[in-house]
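Some notes on the structure that comes next.
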Amino acid sequence: MSDTKSEKIVHGMMAEFTTVDSLLSACRRIRDAGYTKTDAFTPFPVHGIDKALGIKPTVLPWICFFAGITGTCIALTMEIWMNGIDYRYIISGKPFISLPAFIPVAFELTILLASFGAFFGMWALNGLPRFSNPVFTDPRFDRATDDRFFLYIDAKDDRYDAAGVRSLLTDTGSDYINEVVEDDSPKAVPRPIYMIWGAAVAASIIPLLCVLLMRVTNSSQPRFHIFPDMDFSPAKDAQQTTSLFGDNRAMRPDVPGTVARGQLIGSLDVMTGIDVDSLQAMNAPRAERLVAAFMQDDQAAVAEEVTEVATEEEEQAEASVMQTTPWVKENPLTVDQALLSRGQLQFGVYCSVCHGMDGRGNGLVNQRAQERGFDTWVPPSNMHEDTLYSDKYPDGKLFSTISNGIRKMPGYAGQITVQDRWAIVAYVRALQLSQNASLDSVPASRKDEVSQAVESAKKELQRQAEEAAQAAAAREEK
Ligand code: HEC
């Protein structure tokens, strides 16, 4: 028995203990006796065992730290070289070398290399990977994961001498001491493992070969789609059917209110506010230029043409306005409640900022301009001037003013549709009427109602005036 053992290489000495305390005191004795290549195996973590065995703190944190620093340096060097030297490119107006912008990559690489350091450092320090450890040859060692505590002294320790170690361990109160010998099972890696490994390497080359093959050959087959995305969305031709929409028509009707380019709305009179037939009779070339500009859908040319009309007017006397341009006299659209409401809305949106909700010319823009005291400011016109009433200022001219602007006021043809411009014209007329109406213009059925309202409003005004007078008198007495 001893013969066979002596032929084998001794690896160390293993002692078994039944309690934590006996293990710890044994550890201390071994440490004090000067052994350093020692280890303890316990079924659960035992506090203070490192100290009892005199194990020095691991160098793993340092490996981790320097691997991390290496990552930071690599990242910063790479970024400074790329962004600051090799390919200088302004990104978001930052300097070429902008440390704040470099942080994400530097951070990522630091973490990556630090975790590699921790992972592979642990393997290296523990001498991993290895198939087996000689301590497993000890028949009772399995209980290290169950209910026994083991202390191990490596034969590589300078002080190791089998007899001395055995007596020392016996002294510590261990009742099972066993010399661990090197594992004598064959060292050669089993053949099946080589075969599996070889097969795996061979299989891993197959995808690469497929890619290489595809790069040098052509195929008439359609592309192999893993994610089809929108590659197969069917395109429909005019007049075809589809199951996608309820009416089975592939061609979709226009969205209501769509205006095609160049689409004429109503007659030229409606579009310009000018009675084109009369203009033709009065000034044929001008009428032709106007029509041509309209046919070409040239907004700027139309505005120019109509403004020219207006300028010519200005050069002539005010009185001749009506004679130089035959304006459309009455709103060509049917003026009803719907049109007026539309006009009110559009006036509120487009005109009231300057002209005010009541049309008196004191909108927010004007108030602001007055406040700032701009001396070049031209105040918006008051719609209640009698020169702007329909007898002197026909609907067509008002329409043209909205469309093409006048003097300091910009044109709104680009923003407001033809219908809405006429709706505004109708609303401006109503606005003007509202400030100058007599009781006669009220329908008979509502006359009573209106005159009552007027009466009570008058009374209210009177009451307010009296109150103000009383207050003034009271103040004077004081
Ligand atoms: C940006 C401010 C502004 C807006 C918005 C504006 N106007 Fe004017 N408007 C003016 C100014 C300023 C004048 C006076 C121009 C001048 O006398 O040089 C004026 C003048 C007028 C006149 C009198 C033109 C004349 O021949 O004397 C009418 C009518 C008029 N605007 C109607 C409208 C209508 C309707 C709208 C809404 C579509 C509108 N304006 C939107 C600023 C504006």
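The backbone N, Cα and C atoms fix where each Cβ goes, and this holds for glycine too.
What TrEMBL annotates here:
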| type | residues | note |
| --- | --- | --- |
| COMPBIAS | 445-466 | compositional bias 'Basic and acidic residues' |
| COMPBIAS | 467-478 | compositional bias 'Low complexity' |
| DOMAIN | 338-432 | domain 'Cytochrome c' |
| REGION | 440-478 | region 'Disordered' |
| TRANSMEM | 59-81 | transmembrane segment |
| TRANSMEM | 102-125 | transmembrane segment |
| TRANSMEM | 194-214 | transmembrane segment |
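Using a cut-off of 8 Å between Cβ atoms, the transmembrane segment (102-125) and the transmembrane segment (59-81) share at least three residue pairs, counting only pairs 6 or more apart in sequence.
Secondary structure of the compositional bias 'Basic and acidic residues' (445-466) per DSSP (helix as H, G, I; strand as E, B; remaining residues coil): 22 helix, 0 strand, 0 coil.
Confidence for the domain 'Cytochrome c' (338-432), expressed as mean pLDDT, is 89.
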